[in-house]
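Structure, as structure tokens:
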């Protein structure tokens, strides 16, 4: 809602009217011109020195209950969150999301400490301040980024940026000689707690890098970084490069083993198919063989037929005993028959029989003469 205010103060602290007219006691309505939260995320969040709050209306102090009810309606509730935000991760983003959603209409300002201040009170960072600024600008929950934020929040800083509430986790943050740098903010009723994300922090990430330093050094050497850039000694460089070569060989062997396993599996599948086909073919072959060469097979019948034909060809039938004689012509005399081989006489049983056979042979010769 519009706020009624008497004349604004001049640079010297003397009230004067907003116009050139002489001062009057009439009340003027001054509307808030505070920057509104980002609705379209088409560009990174602006820096505070580029778009500072130049609203002339008095910034009334709100309670947490009023802010949660959505008042005031004419301006957003300006919430401030600060930190180092080194190696920006999901824990940072979740904390900023909680700070942004604390109230219905919130404008989130994020303060990022510089390198000098961080190295003095906390320690060395992985990312420099310019990189950390840019990381915050590209977070969707951030409406404005304040560079070179103070380590301890002063009333002047809170008034300059018209901050209503400060969001941070409720764990006491001891630093710069104080048990809790947010103690005075809590006492003023301007502190709103957020919840930390367990299992993720910048220190955890750095611990992982230190623990697996050899692995990351070898990887970066393989990617082309020099030993000087990685602050690696000559001996360690040679060791890491040798280990990279060993890992390459292991990877090749692993690929060969996987391929061989795939090949063996394929061969087994094909062998099963071949065995099934061989079994089917063997059954078919055995069936055909039995049909041909079995006890009642066609080959036996064919063999019997052929053997009978061969027997007939080798042993033909004898001619009949009473064959008809040829008719002889009368002019021709029958050809004499000669007994080429004399009949084999049995040996005589006595001398008298031998002499009788000799006399008979001589008589036969005389008759032929």
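Using the three backbone atoms N, Cα and C, a Cβ is placed for every residue, glycine included.
Note that this is a predicted model, so its numbers are computed, not measured.
Check TrEMBL against the ranges 1-24, 25-48 and you find region 'Disordered' recorded for 1-24.
The feature coiled coil, as given by TrEMBL for the ranges 211-238, 239-266, sits at 239-266.
The average pLDDT computed for the coiled coil (239-266) is 85. Taken through DSSP, the domain 'Cytidyltransferase-like' (80-208) splits into 45 helix, 26 strand, 58 coil.
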